[in-house]
Each structure stands twice: as C-alpha cells, then as structure tokens.
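Student: What follows is a structure written as structure tokens; I'll ask about it next.
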Amino acid sequence: MSLDILGLMEKEQDSNVTEFVLLGLSSSRELQLFLFLLFLFFYIAILLGNLLIVVTVQANSHLLQSPMYYFLCHLSFIDLSLSWVTVPKMLGDFLQQSKTISFSGCLAQIYFLHFLGGSEMFLLTVMAYDRYVAICNPLHYVRVMNSQLCLRLVLVCWCGGFIHSIMQVILVIQLPFCGPNELDNFYCDVPQVIKLACMDTYVVEVLMTANSGLLSLVCFLVLLFSYAIILITLRTHFCQGQNKVLSTCASHLTVVSLIFVPCVFIYLRPFCSFAVDKIFSVFYTVITPMLNPLIYTLRNADMKIAMKKLRIKPCGILLPC
C-alpha cells in the first residue's frame, strides 16, 4: 500500500513537523560505541538463531507436520522480521550525531512494529491452546489440531496483527504536530509520538490503552489461565514424559513473561511515561527475539536432533540428509 493511498504525504505537508529526533538509549559517545558492539552481537544472534529454527523446521517434514513446531517456525519468522523494524536503525544511529526519522518512516515503524508484535501475541496464545489440547485432551489431539485448523489459526493471528496495527496508525496519522519533535526512545512508538501532538490527546491515549494495553493484558491473562489448567492437569494425572511437558511449558511461560510484562507495563499506562520505558522496549524488540531460539531449542531434543541432520551441500543450500 503506497504512502499516497494512506494519505501520509498529505499529512506531512499539513504538519509543521516532517521528521522526529530520536534521543536513543544514551547521549554519551563512548557508551554509544559500546552499545553499538553489544547490540550488533544481539542482532547477529537474532538473525542466526531464528533463521536456523525456520530452516530446520522447513527442512524436516516430521517437525513441519507437528503443530507445535509449525507455530514455532512462524514465531521465529516474526521475531526475525521484528528485529528488522528497529535494530538496524538503532545500530546506524549509534554511529551518527544526527538521529532523525521522517514522519512517514516513523509511521512505517509503528505499523510494522504493531503488526508483527500483535501477530506474535496472538500466535503465543494459539501455542498455549495447542499445548492445552495436547495435554488435557491427548486422545483427540491429532483430530482437533489438524493441518487445516493450524493454517486457519495462523491466518487469524496475522489478520489480528494487521487490524491492530492499522488502528494504531489511524490514532497517530490524524494528530497535528507543530513541535517539539524529540522522541525519548530509539524508535517510533505510539505512546511517545502521541505526547508530541499539539492538541489534547486524552481521548487518543485512552484509545491507545484500550487497544494495545488491553490486548496485551487479555492475551497475557488467557495464557496464564491456560498454563494454570495444564499444570493442574499434570498434578492430578501423572503421565509418562511429565518432565518433558513441564520443561516445554516452562519455556513457553518464560517467553510469554519476557514479551507481555513489558508490553502491559508500557501500554496500560496512559498519560505518563518513565525513563525505564526504554529498557522495557529493549526487552520485547531485541532481547526476546534473541532468547527465543535458545529457550525453545536448548532443552528440546527433537530440535537438536533435527539440527544435527542438516548438512551444507556443495551448492551452498541447506538440505536435510
């Protein structure tokens, strides 16, 4: 969809602000160089770790037919894409004196950040449902979680993320900006941008909280409820392989906490912001996408076996043995 269709070009002409200044994580030149090297390492780890999971699952038909690994493949693809939205810009800004982003570029960041972030929240909820069916209703698992349902659930996740992101962009695009234009973050996001609007933003901030804040909170509570039922089921019905199931649930809960706790903290608080918000932003845009491959593979025997079967052929393409 072009900028002309969205009306972004007209919006830039109507507003006195055509670009925003990103204050970043630090103003110290020495610290910025250290952060550049640190986040460059994080970014390489994100790319290699998530790409390895996607390739491993796609190259192994047994894993690809399993709903859990099918969803995990999509989760890694989302994390891979999410890192492209904020980290390359942040790395470039560490090496520059002027850290600016155009109005249209800012809106693009908001759109893709919430599109991918919303899709990931819905996908994590679907993954919790998958574990619930597998543990609490194992005899009907294959029939319930068939390939058609898995495909539909993934499509619903992507559509839900799209609708969520469009609503976020609509909240911002209608606001007038006449200065100042400094964003106290390393990327554009709705809470910081709204505060720069030269109008009363009470209604807009309430709508933002109702959209992003409640979405994060409701998905988080549904996830906690699902895993609570799973843990209760495991306690009352001892089953073979219980330790493996507990390990899987523990890894899922770790990911859920790293993503949802920062999002609930940031988006469920209208009308105020704290300096620590930037630290929480780092968690769900950088740290979580980096840790997900480790959390889901280090204690997962099936993934480790599948990775060992991968070989690099002379043509340079990864293929299963």
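Glycine is no exception: its Cβ is also placed from the backbone N, Cα and C atoms.
Note: TrEMBL annotation is automatic and uncurated.
From TrEMBL, here are the annotated features:
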type	residues	note
TRANSMEM	33-57	transmembrane segment
DOMAIN	49-296	domain 'G-protein coupled receptors family 1 profile'
TRANSMEM	69-87	transmembrane segment
TRANSMEM	107-129	transmembrane segment
TRANSMEM	149-173	transmembrane segment
TRANSMEM	214-234	transmembrane segment
TRANSMEM	246-267	transmembrane segment
TRANSMEM	279-298	transmembrane segment
Student: Quick one: find which recorded stretch in 33-57, 107-129, 149-173, 214-234 has the most Cβ pairs under 8 Å with the transmembrane segment (246-267).
Tutor: 214-234
Student: Residue list, the transmembrane segment (279-298) vs rest of chain: Cβ under 8 Å, 6 or more residues beyond ends.
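Tutor: Answer is 25, 39, 42-43, 45-46, 49-50, 52-53, 72, 75-76, 79-80, 82-83, 85-87, 113, 117, 185-187, 189, 251, 254-255, 258-259, 262-263, 265-266, 304, 307.
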Student: Go through 69-87, 107-129, 149-173, 214-234 and flag the stretch with the largest number of C-beta pairs under 8 Å relative to the transmembrane segment (33-57).
Tutor: 69-87
Student: Over the domain 'G-protein coupled receptors family 1 profile' (49-296), what is the model's mean pLDDT?
Tutor: 86
